[in-house]
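So that you can see what the record holds, here are the features copied from TrEMBL:
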type     : residues                                       : note
ACT_SITE : Asp442                                         : active site, proton donor/acceptor
BINDING  : Asn293, Glu324, Asp442, Asn444, Asp539, His540 : Mg(2+) binding site
COMPBIAS : 141-160                                        : compositional bias 'Polar residues'
REGION   : 138-160                                        : region 'Disordered'
SITE     : Asn444                                         : site 'Transition state stabilizer'
SITE     : Asp514                                         : site 'Important for catalytic activity'
SITE     : His540                                         : site 'Interaction with DNA substrate'
Amino acid sequence: MNKVLQLGLQSSVINVAKFLVVPIRSLRVGSSIVGVGVGTRSVNKRLMSNATVKSIPFSINNSKGKEVLKIVGAATDQNCHQMGSDSGRAEMGTPQDDRKDIEAMTVQELRATLRKLGLPVKGRKQELISTLRLHMDSNLPDESSVSDQKETTSSTRSDSVTIKRKIRNMDEPTEDDYSNSEAYGIEHGEKRVKQSTEENLKAKVSVKAISKERKSLTKTGKQQIHLKEEALSTISSELLKTEEMISSLSQSEPWTVLAHKKPQKDWKAYNPKTMRPPPLPEGTKCVKVMTWNVNGLRALLKLESFSALQLAQRENFDILCLQETKLQVKDVEEIKKTLIDGYDHSFWSCSVSKLGYSGTAIISRIKPLSVRYGTGLSGSDHDMEGRIVTAEFDSFYLINTYVPNSGDGLKRLSYRIEEWDRTLSNHIKELEKSKPVVLTGDLNCAHEEIDIFNPAGNKRSAGFTIEERQSFGANFLDKGFVDTFRKQHPGVVGYTYWGYRHGGRKTNRGWRLDYFLVSESIAADVHDSYILPDINGSDHCPIGLILKL
């Protein structure tokens, strides 16, 4: 197999398989003419001159053109390699003879010759002759180049070594043999032909070995690629399983997925499994209060999925506050009979202006010091819907309230912010004169954008109007009451209400409407303020407060 050695010097090419076995003549290799001399004693350090050698065809349809091409070809050969004897240079003829032959050519012959050489063919005869002469002269060696060639004879071996060093890292394992063969053949002439042939045979064997090794490496590479593909497949499979787990988790625990239209970069979804503090040390005196808008107590108790006993056992709360019980006065005694043992103290407020509407209750295993219903204002319309129950305990007042919704079309917005919020605020401040106050229940306001999934789309929705939010701040927070959940979780998105209409609970698109607000004097005693989003049975979920006493 012919192996082409590319030395990378001015794009020169040598056909190694025919090296030293071809008489002095031009060989066509690719698009270049390479002259090879047998028995030469020197090699040009630069295998090609700086001039670009054009592709020269072997046949032209006229005899004079053929002679001229022989001259040019010989000149090119001379420029590529120094000839081995003076007789070789004599075969080219003298420059004077060459000029006479060119002048004797017709215009058609000149143009045909120039066209074959890739030179311009426009102009008069004299211009064509000048172009051909210039091309011929540029391809003839000058004395300085011949001198340079002689001077480089002594450096042939070092050049070969240099060439070997340059190509050692290339992926051609037999190039060293080719380089040595070239240097040794130039020095010893035809005596080296046989040895060169043997080396070429060895080179072929080496090439075959390398080819075989390459195949082996290719096979190994394919195996490695296959192993990598298997590893990637395993990783992909694990990632898929992780995604499936996350997807399954998001379906079973949707509240752990951050759902918000305009979340800030530091916001996180609330997860009670990871965001609640450890329990208080045993023996620490505290009270655990829970609140829940049940959206109809009788309907909740009929649900097979809900068990009040299990909830009490799991949470072990001391006091439970309910809103929107929707009970009538006649239903209270029947409901009391179903209370869990231990919770012997219950206090119910029912709507009398609209039956089966609103309603609040406090159920406790701690006996309160006193209980009052409504705001205490005589003849107030606020007390006709059963929205407030207040229980006094040793160290604090507990107010359970269900704040009126502003309604469809915001029909009750004015009543809500101008009458109800102000009345409730004054009631709280009056009680706070003697004891700290804990205000809890469905306050029907998502105070900040973090408290609602889609703030931009609910600017005029009841519970998120700018009027309600400002009233919430002015009547409660600005008067010294602390939002315990937001204080404990400043950048946490936690909802307590998900509308039935759009299935918001499955995708955690909700509102935070349920609160524990406490007097600033006891805010530091709050151990935990938390949400229980996994408890179903209503469009709201329970929330809890642990207060150290």
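Sequential numbering from 1, following the chain as shown.
Cβ atoms here come from the backbone N, Cα and C positions, even for glycine.
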### Task
Tally every other Cβ atom lying within 10 Å of the Cβ atom of Asp442 (active site, proton donor/acceptor).
27
## Note on the structure
Apart from the site residues Asn293, Glu324, Asp442, Asn444, Asp539, His540, the 8 Å Cβ neighbourhood of the Mg(2+) centroid comprises Asn295, Gln323, Tyr402, Tyr497, Leu513, Asp514, Ser538
### Query
For Asp514 (site 'Important for catalytic activity'), what is the tally of other C-beta atoms lying within 10 angstroms of its C-beta?
24
### Of Glu324, Asp539 (the binding-site residues), the residue whose Cβ has the fewest other Cβ atoms within 10 Å
Asp539
